[in-house]
Amino acid sequence: MTKDHFWEHQGLTEIAYCLEPDRAGEFIVRAHPLLPEFVNSTCVFPFTYGDMIYHNCISVHSSYDWCSLDKNFQGRWRYCTGKDPPVCIFPFVFKKKYFHRCTKESYILNRSWCSLTKNYNEDRKWKQCSPYNF
């Protein structure tokens, strides 16, 4: 806590309520940087975040999938990779084409995805790929 801000830890971010007279009432949000030791840590499944139990990576409050590093989320997390469950299967078939890596084809949010089976057309099982394209 500083003299002019009151910081409240909210998992992936911190929210500050500014107490400075000329900025009183403003909210300031800052994201926590991903610490290096978290990058190589193992995801814990299932994990609890809020009131929900998750059995795979999630994109709650994030543009990319992430996982908790603790059974009950304690603020320790990392982005998911293609090696985290469920795992991408390559090559996979989608619309008469074979894909050997994640694709953005037909995903309206312009993000990459992959199939979780050899034939997406038949099984329709997929996941969003990592922002790092692992």
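Backbone N, Cα and C define each Cβ position, glycine as well.
Residues or ranges marked as domain 'Fibronectin type-II' by TrEMBL: 38-82 (among others). Taken through DSSP, the domain 'Fibronectin type-II' (38-82) splits into 2 helix, 14 strand, 29 coil.
The domain 'Fibronectin type-II' feature in TrEMBL is assigned to 83-131 (among others).
There are 21 other Cβ atoms within 10 Å of the Cβ belonging to Cys88 (disulfide bond). Under the heading disulfide bond, TrEMBL lists Cys88-Cys114 (among others).
Listed in sequence order, Gly82, Cys88, Cys102, Arg111, Ser112, Trp113, Cys114 are the same-chain residues at least 6 apart in sequence whose CB falls under 8 Å from the CB of Cys129 (disulfide bond). Annotation source TrEMBL lists disulfide bond at Cys102-Cys129 (among others).
This prediction places the mean pLDDT of the domain 'Fibronectin type-II' (83-131) at 89.
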